[in-house]
Amino acid sequence: MFCPLKLILLPVLLDYSLGLNDLNVSPPELTVHVGDSALMGCVFQSTEDKCIFKIDWTLSPGEHAKDEYVLYYYSNLSVPIGRFQNRVHLMGDILCNDGSLLLQDVQEADQGTYICEIRLKGESQVFKKAVVLHVLPEEPKELMVHVGGLIQMGCVFQSTEVKHVTKVEWIFSGRRAKEEIVFRYYHKLRMSVEYSQSWGHFQNRVNLVGDIFRNDGSIMLQGVRESDGGNYTCSIHLGNLVFKKTIVLHVSPEEPRTLVTPAALRPLVLGGNQLVIIVGIVCATILLLPVLILIVKKTCGNKSSVNSTVLVKNTKKTNPEIKEKPCHFERCEGEKHIYSPIIVREVIEEEEPSEKSEATYMTMHPVWPSLRSDRNNSLEKKSGGGMPKTQQAF
């Protein structure tokens, strides 16, 4: 008589003991971003068909903070409390002893340890389970991409319970376009389904990059066009539970400023026409370079000769008293040299005003031998004045 009773009580006591010891074992952890949702499981396994009488969810922020109520369930009534109103819901099946909690629009202050307590009707024992929630900064809801580039749009639903994703759907809505299905995944087909072009212009440009078994429905959009700018809404279905997330995509027509990467440092391969043009330019430059040098030299020589001629003419005009005076020194046979003074303008320095005399230079002009006798006769006549010939000649 007592054996069946022992067999019934033993699993129940084991279940209660496991539930109480869940706090001693390291609890599961969830990491979510600000603004996302988190599903914290609290499932009580029991062999008896007893209904849940009460469920309490509390938050323990830390050592120096007080615990606060999140939600409580009593007599088929679920009541969120305090700052968690409109953000928490019981998503489990109460009839199946499932008191899982869905926390939406997660805030930084929501970080901490969440404790679930389940009481069955007519039982004094309490089943407890803890979940540690870590909160990260908010992910950008607006993304920027350039035309022709690629962009990854994330969509992850964090949950402690292992639930199969039944459906993943991405819907696009632009400013000038109606809603259009971008990507759809069915769990029954066990394959991703991309719509043909008749369904939209995303065909062959969207790939699933997330892990469906981890509730990750992220996609990659390639070959971005200007018309791709708009809102992208992701929906992850876990049975009756639906998680949604919206991303705004901005498309810029400008080319991105590429960073210096090893791929960018690869040598550029020139085409046939470009190579011919470059070789032609180099050859023409080499051939024309000597001609340009000769032209420059000739131009400089002409300018110098013209300048010297103008200088001599200007000197004669400014000093008309300058005449050729004979000099009677014979330096070679058959010709004489006549020295005439050339007066050069005085150079005045700004720092030291000088009173230097004008410099005098002598120029030699050849005299033909036929004029030698006439010159000698004139010298003999002048020497009759009583001065020595050498001095007069000098």
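Cβ coordinates are placed from backbone N, Cα and C, and glycine is handled just like the others.
Here Swiss-Prot flags 1-19 as signal peptide, drawing on experimental evidence.
According to Swiss-Prot, the feature N-linked glycosylation site maps to Asn76 (among others). When other Cβ atoms within 10 Å of the Cβ of Asn76 (N-linked glycosylation site) are tallied across all protein chains shown, the result is 8.
Per DSSP, the domain 'Ig-like V-type 2' (137-250) is made up of 9 helix, 54 strand, 51 coil. Taken from Swiss-Prot, the feature domain 'Ig-like V-type 2' covers 137-250.
For Asn231 (N-linked glycosylation site), the Cβ neighbour count at a 10 Å cut-off comes to 14, with all displayed protein chains included. Summarising the annotation, Swiss-Prot assigns N-linked glycosylation site to Asn231 (among others) and lists sequence analysis as the type of evidence.
Annotated transmembrane segment per Swiss-Prot: 276-296, in sequence order.
Averaged across the topological domain 'Cytoplasmic' (297-394), the predicted model reaches a pLDDT of 52. The feature topological domain 'Cytoplasmic' is assigned by Swiss-Prot to 297-394.
Annotated region 'Disordered' per Swiss-Prot: 369-394, in sequence order.
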Asn76 (N-linked glycosylation site) and Asn231 (N-linked glycosylation site), distance between Cα atoms, whole Å:
39
DSSP three-state call for Asn76 (N-linked glycosylation site): helix, strand or coil?
coil
